[in-house]
Amino acid sequence: MNWRTIIYVVLLVSLTVAKALPRTSRDVEGKTSIGQRFSQLHENNFKAIALIMFAQYVPGGTFGIAAGMAERVTALARSCAAAARDSPDCLKPLDRIFFDTICQEKNLPRIADCCAKEDSERNDCFLSLKNFSQGFIPPLQRPDAEAACRNYSQHQQPLTAYFTYEVSRKHPFLPAPTILSVALRYEEMMKRCCGGAEGPSQHLEECFRTQTPKVVKPVREDALRQEHTCGILKKFGERTLKALKLTQISQKFPKADFVTVHKLVMDVADMHKDCCRGDMLDCMQDREDILQYVCSNQHILSSKIQQCCEQPLLQRSECIIHVENDDKPGDLSPHVREFIEDKGVCERFAQEKDTHLARFLYEYSRRHPEFSAQMLLRIGKGYEDLLQECCRPGAPSGCRSRGEEELRKHIYETESVMRTSCDIYKEKGDYYFQNELLMSFTKKMPQLTSAELIKFTKEMTTIGSKCCQVGQDKLLPCAEENLDLVLGEICRRHLADPINPGVCRCCSSSYAFRRPCIGKLEVDESYVPLALTPGLFAFHGDLCTTEEEKLQHRKQEMLITLLKYKPQISPEQLGSVTAAFSAMRERCCGEANPEACFLKEGPELIKRSEKMLSA
């Protein structure tokens, strides 16, 4: 079978193909056979999706095993579609056929326990294997240029299928449309870079160096967004996820009425539940149902999505996510005082609490596209707290009127934090801004490794470079929503390997207040500083490198070690130690034998620094 053709055909599937995808056995109940699904999807599409599904459910297998299982399931489907419609195997729900096929394989890791279970329990068991696999498979890397082009010229079709398999097993929760679009970008890269494979190797290396990020970066970003959303659902529950989606959809479609927005929120939340469980088929079906609804109701949702809805199915979802918010209705009042001043507010709050709070969040969000979703959730929580206090028996008259003042105060504080951060970024630039973040986060989270601290603060610095350039009306959504992704990474890291009690409190107590909570953390008092051992501060000739990026990385590692050794170091002490280090480096790097100089001067610097730090 021509795997390259499969990839391209799947990229062009219509909405009717998505409609043909099966639900799980609890929904199908034997009503739709594999033969019917095969006829609706056609062979190429069916086989490509089968490969992805087997790769995701059996990450410990091999490409040969996954491709072989995809071939066998496709052969069964073909025969069921042709003649054997009434065969018992043809009448099984598709997900059961997939799992039966996996269980027929011998020597696959960790599947025996799952195969001993029945139906829904077996499904849940295989889903747990997806969770187990994460973190055990190395991430995608830039390929060796000459070897990649040699393979491409000799095995062009299987190579794209193998890449699809690798992405699928490395990202077991990524939806199939995302994986297939990545496969297309990979195919385009191989064509571009290997089209002139007889050319010089420098050209090949340069081509892969510039093109690989275009393939790998979207995978990482999509996987991060998926993992982030699933983390919110898992840690804070469905109510928090629905509130987050309510703010985002209300901002995106401010002309839509509450009933329409509420329907979309429920559908999107249900989709994320399926996607986060790893039910790829249900996840795909949910996604396409939502896209069909949105594009069929453009007239009541948004004037900005027509171009998105005209795109091929695969690009449609990403386009709608990133399209700008629709214009607010011209007759939309600037305030929502009725939620404070109306006499029936407390009665509505008592009778239908969640619906009343959802209406407030909807009305406030559609009026304020300049606020981040997380800030809107904090405003919603503040409104809920206000009503709980002011609607109780015996509450003083005028209690609710203070809500507006508290709201203004919170808005001012949030905007001030972001403006101050951008002022520091603009003054110091990337490297020194990241150093400021390193000093702050090493004191808050000294248990993180140097590599982790540098990675997280580098991501935060990238946010500064991106968001501090936008207008004031886009600063908060850009900064806080991107920062939320990084904080989500930190909190998932904490979940896997606890960092400290302060991080635990911020990552567990409230999603909306996670960023302010982490921002207010100070030196971790529970941390036991590093002991001064002979190898703690090692100075070598690599400090004389002329490659600025490597030198900066080395300096940052030493800064982190210093802060872990002396968490309470003052800015003045840090400045003195830094100046002494710079003088030593300049002196030794001017010597004929820098290594010998560092060997002599390093211990002396440590002694002098000790005196400075104990003063």
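Quick reminder: no glycine exception, Cβ is built from N, Cα and C everywhere.
The feature signal peptide is assigned by TrEMBL to 1-20.
Residues or ranges marked as domain 'Albumin' in TrEMBL: 22-216 (among others). Across the domain 'Albumin' (22-216), the prediction's mean pLDDT works out to 78.
The disulfide bond annotation in TrEMBL covers C80-C90 (among others).
Sequence annotations record features per position, and here TrEMBL assigns disulfide bond to C103-C115 (among others).
Using a 10 Å Cβ-Cβ cutoff, C114 (disulfide bond) registers 21 neighbours. Residues or ranges marked as disulfide bond by TrEMBL: C114-C125 (among others).
According to TrEMBL, the disulfide bond annotation covers C149-C194 (among others).
When Cβ atoms from all protein chains are considered, those within 10 Å of C193 (disulfide bond) total 25, not counting its own. Marked as disulfide bond by TrEMBL: C193-C207 (among others).
Annotation source TrEMBL lists domain 'Albumin' at 217-409 (among others).
Counted within 10 Å of its Cβ, the other Cβ atoms near C230 (disulfide bond) come to 20, all protein chains included. The disulfide bond annotation in TrEMBL covers C230-C276 (among others).
Residue environment of D279 (Ca(2+) 2 binding site) contains 19 other Cβ atoms, counted within 10 Å of its Cβ in all protein chains. TrEMBL lists D279 with the feature Ca(2+) 2 binding site.
Taken from TrEMBL, the feature Ca(2+) 1 binding site applies to D289. The 10 Å shell around the Cβ of D289 (Ca(2+) 1 binding site) contains 16 further Cβ atoms across the protein chains shown.
Residues annotated as domain 'Albumin' in TrEMBL: 410-607 (among others).
Residues annotated as disulfide bond in TrEMBL: C422-C468 (among others). Listed in sequence order, S421, C422, Y425, K426, L475, A479 are the same-chain residues six or more apart from C468 (disulfide bond) with CB atoms under 8 A from its CB.
Taking the Cβ of C467 (disulfide bond) as centre and 10 Å as the limit, one finds 22 other Cβ atoms among all the protein chains shown. The disulfide bond annotation in TrEMBL covers C467-C478 (among others).
Annotated disulfide bond per TrEMBL: C491-C507 (among others), in sequence order. In sequence order, K235, I490, C491, H494, L495, R514 are the residues of the chain that are 6 or more apart from C507 (disulfide bond) and have a CB within less than 8 Å of its CB.
Per TrEMBL, the feature disulfide bond maps to C506-C517 (among others).
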Inset, instruction - Determine the Cβ neighbour count for C80 (disulfide bond): the number of other Cβ atoms within 10 Å of its Cβ. - result: 24
Legend entry - Rounded Cα-Cα span from C478 (disulfide bond) to C597 (disulfide bond), Å: 48
Legend entry - Residue among disulfide-bonded residues C230, C276, C467, C506 with Cα closest to the Cα of C207 (disulfide bond): C467
Legend entry - Chain-internal residues, separated by at least six, CB under 8 A from C517 (disulfide bond): R505, C506, S509, S510
Inset, instruction - List the same-chain residues at least 6 positions away in sequence whose Cβ sits under 8 Å from the Cβ of C544 (disulfide bond), in sequence order, or say none. - result: R585, C588, C589, P594
Inset, instruction - Give the number of CB atoms, excluding that of C588 (disulfide bond) itself, located within 10 Å of its CB. - result: 23
Inset, instruction - Report, as a single number, how many Cβ atoms besides its own are within 10 Å of the Cβ of C103 (disulfide bond). - result: 17
Inset, instruction - Please name which of the disulfide-bonded residues listed here, C103, C115, C194, is nearest in space to C125 (disulfide bond), Cα against Cα. - result: C115
